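Let me begin by presenting the structure, written as structure tokens, before commenting on it.
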Ligand code: UDP
């Protein structure tokens with residue numbers, strides 16, 4: 001399986017619950033390595049740029065408000081099949097539909113406050129990683 005990089009964000013709800021360590025533990029125990037981290041708080045405009053693909057969707061304004069409501073932890077995960085593996089560990093967007101044992105099943109409160117973001121393709125991962133990180137900030141272990 002190919003070694004890939006993907007962007008993970010621990011969203012404001014999960015940062016507020018103090019479960020950063022639990023979420024990163026799940027990544028590491030499943031073969032993903034953290035190769036860059038950035039804790040920040042986005043402005044609503046920055047959140048809007050990050051989620052531009054959803055502009056015009058009914059939930060877009062609430063999503064931008066939520067993502068800028070508190071600190072987030074953006075990180076780059078590296079490992080075999082990282083994009084799909086991260087999505088599996090996250091669970092479904094709506095925590096009510098998330099498989100037991102996934103991050104969202106255990107930590108998400110609702111479809112909007114759903115604990116984590118993860119890139120959905122290798123192409124989007126590259127775009128999303130570049131939003132938060134310069135190449136110099138990523139320390140590959142491979
Ligand atoms: N979202 C929402 N309501 C919806 C669909 C999505 O609030 O009906 C939010 C939710 O926080 C989700 C984000 O928009 O994580 C991005 O949506 P996407 O479909 O890309 O889900 P994800 O890739 O995060 O599972």
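Each residue, glycine too, has its Cβ placed from N, Cα and C.
Residues or ranges marked as domain 'Nucleoside diphosphate kinase-like' by TrEMBL: 3-140.
For residue 59 (ATP binding site), the count of additional Cβ atoms within 10 Å of its Cβ stands at 12 [all protein chains shown]. In the three-state DSSP classification, residue 59 (ATP binding site) falls within coil. Here TrEMBL flags 11, 59, 87, 93, 104, 114 as ATP binding site.
For 117, the entry in TrEMBL reads active site, pros-phosphohistidine intermediate. According to its DSSP assignment, residue 117 (active site, pros-phosphohistidine intermediate) is in a strand. Less than 8 angstroms from the CB of residue 117 (active site, pros-phosphohistidine intermediate) sit 7, 8, 9, 11, each of them six or more residues away in the same chain.
According to its DSSP assignment, residue 11 (ATP binding site) is coil. Across the residues annotated as binding ATP (11, 59, 87, 93, 104, 114), the widest Cα-Cα separation comes to 21 Å. Sorting each residue of the domain 'Nucleoside diphosphate kinase-like' (3-140) by its DSSP state yields 64 helix, 28 strand, 46 coil. Only 114, of the binding-site residues 11, 104, 114, place a Cβ under 6 Å from an atom of ligand 1.
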